Amino acid sequence: MASFHMITTLLFLLTIMLGASNAQLSATFYAKTCPNVSTIVSNVLQQAQGNDIWIFPKIVRLHFHDCFVHGCDASLLLNGTDGEKTATPNLSTEGYEVIDDIKTALEKACPRVVSCADVLALAAQISVSLGGGPKWQVPLGRRDSLTAHREGTGSIPTGHESLANIATLFKSVGLDSTDLVALSGVHTFGRARCAAFMDRLYNFNNITGKTDPTLNATYANTLKQRCPKGGDSKSLIDLDEQSSLTFDNKYFSNLQNRRGLLQTDQELFSTNGAETVAIVNRFASSQSQFFSSFPKAMIKMGNLNPLTGTNGEIRLDCKKVN
């Protein structure tokens with residue numbers, strides 16, 4: 001039976017989906033008011049990558065975590081003890097200072113024009129492209145929220161969810177199984193803390209000493225060495241052991257070989273009878289098909305309940321309301 005939290009989360013996400021249908025976004029939204037917006041964002045990101053080789057996946061993750069809480073409205077970026085940043089699902093998020101750098105550069109070039117919500121969406125797309133992934137035109141025109149939504153952070157998918165729960169969450173906002181598998185493919189780059197998967201190594205299904213049987217035994221032993229019992233749970237492990245700095249389709253072959261780092265990743269392939277299995281196989285055999293599906297899913301996710309028109313505001317500083 002679904003938990004009360006699960007039911008309330010689904011009702012909230014359904015509200016998001018209904019709100020998304022009214023969004024008026026356009027890839028040419030800033031054509032006249034800030035025509036160099038993409039170039040400015042790209043320049044800052046490339047400079048940031050020189051200081052932090054992991055910045056691209058960090059930025060994409062910020063966009064994900066923003067969109068899954070009351071829609072893509074930059075509420076995640078607001079500071080404050082009652083904000084989303086300090087909620088448990090966001091404690092491991094990083095890259096905020098780079099978003100601030102992008103916003104500062106845009107305010108110099110186009111004052112009071114580009115929203116922080118659009119900065120996140122555009123920076124995510126450019127990060128994927130600079131990381132070796134596909135390019136696409138991002139629909140723009142979002143505005144920024146006036147408040148944070150800490151109470152909604154429970155709707156952010158975690159690495160411990162079952163496929164059934166994740167699929168239900170995604171479908172409730174209009175994202176189908178292809179979208180789910182494609183968006184999960186963002187784990188082709190970046191890293192995760194040991195805490196995100198240690199239960200798979202030592203306490204699977206709350207059984208002491210049990211290792212997740214869907215995890216390749218050799219890979220499991222390697223992970224146990226990297227994340228020992230009683231060790232530093234904040235230690236970082238590559239999500240894609242083959243090419244964790246590059247956006248490609250190797251994540252999917254990892255799943256076929258039972259070497260998916262997070263439970264939610266591996267279940268896409270290891271859940272008997274799941275429609276996601278065929279999609280994983282398709283993306284593993286064809287990077288072009290993955291690169292075709294990923295932008296479509298990102299655009300759908302980016303359209304979740306944006307503030308448009310006169311709703312919200314254009315923040316001058318992404319960390320605080322005007």
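Keep in mind that glycine also has a Cβ here, set from the backbone N, Cα and C atoms.
Residues annotated as signal peptide in TrEMBL: 1-23.
Positions annotated as domain 'Plant heme peroxidase family profile' by TrEMBL: 24-322.
The disulfide bond annotation in TrEMBL covers C34-C110 (among others). Annotation for C110 (disulfide bond): same-chain Cβ neighbours under 8 Å, separated by at least 6 residues, are Y30, T33, C34, V37.
What TrEMBL records for R61 is site 'Transition state stabilizer'. Around the Cβ of R61 (site 'Transition state stabilizer'), a 10 Å sphere holds 20 further Cβ atoms from the protein chains shown.
For H65 (active site, proton acceptor), the count of additional Cβ atoms within 10 Å of its Cβ stands at 21 [all protein chains shown]. Annotation comment: TrEMBL describes H65 as active site, proton acceptor.
For D66, V69, G71, D73, S75, E84, the entry in TrEMBL reads Ca(2+) 1 binding site. Long-range C-beta contacts of D73 (Ca(2+) 1 binding site), restricted to its own chain and to partners at least six residues apart, with a cutoff below 8 Å, comprise D66, A117, R142, R143, D144, S145, N305, P306, L307, G312.
Within 10 Å of the C-beta of C72 (disulfide bond) we count 31 further C-beta atoms, all protein chains included. The disulfide bond feature in TrEMBL is assigned to C67-C72 (among others).
Per TrEMBL, disulfide bond is recorded for C116-C318 (among others).
Residues annotated as substrate binding site in TrEMBL: P157. Taking Cβ-Cβ distances under 8 Å and a sequence gap of 6 or more within the same chain, the neighbours of P157 (substrate binding site) are F68, I166, L169, T264.
Residues annotated as heme b binding site in TrEMBL: H187.
As annotated by TrEMBL, Ca(2+) 2 binding site applies to T188, D240, D248. Counted within 10 Å of its Cβ, the other Cβ atoms near D248 (Ca(2+) 2 binding site) come to 19, all protein chains included.
What TrEMBL records for C194-C227 (among others) is disulfide bond. Long-range C-beta contacts of C194 (disulfide bond), restricted to its own chain and to partners at least six residues apart, with a cutoff below 8 Å, comprise R226, C227, G231, D232, S233, K234, S235, L236, I237.
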Integer mean pLDDT for the domain 'Plant heme peroxidase family profile' (24-322): 95
Cβ-centroid neighbours of Ca(2+) 2 site T188, D240, D248, 8 Å, sequence order: G185, H187, F189, L239, Q242, S243, S244, T246, F247, N249, K250, Y251
Candidate with the highest Cβ count within 10 Å, taken from the disulfide-bonded residues C67, C318: C67
Ca(2+) 1 site, defined by D66, V69, G71, D73, S75, E84: further same-chain residues with Cβ within 8 Å of the Cβ centre: H65, C67, F68, H70, C72, A74, L76, S145, A148, H149, G152
Within 10 angstroms of S75 (Ca(2+) 1 binding site), Cα basis - recorded positions out of T188, D240, D248, C318: C318
Nearest-integer angstrom distance between the alpha carbons (Cα) of C318 (disulfide bond) and D248 (Ca(2+) 2 binding site): 31
Whole-number Å value for how far R61 (site 'Transition state stabilizer') lies from C67 (disulfide bond) (Cα to Cα): 10
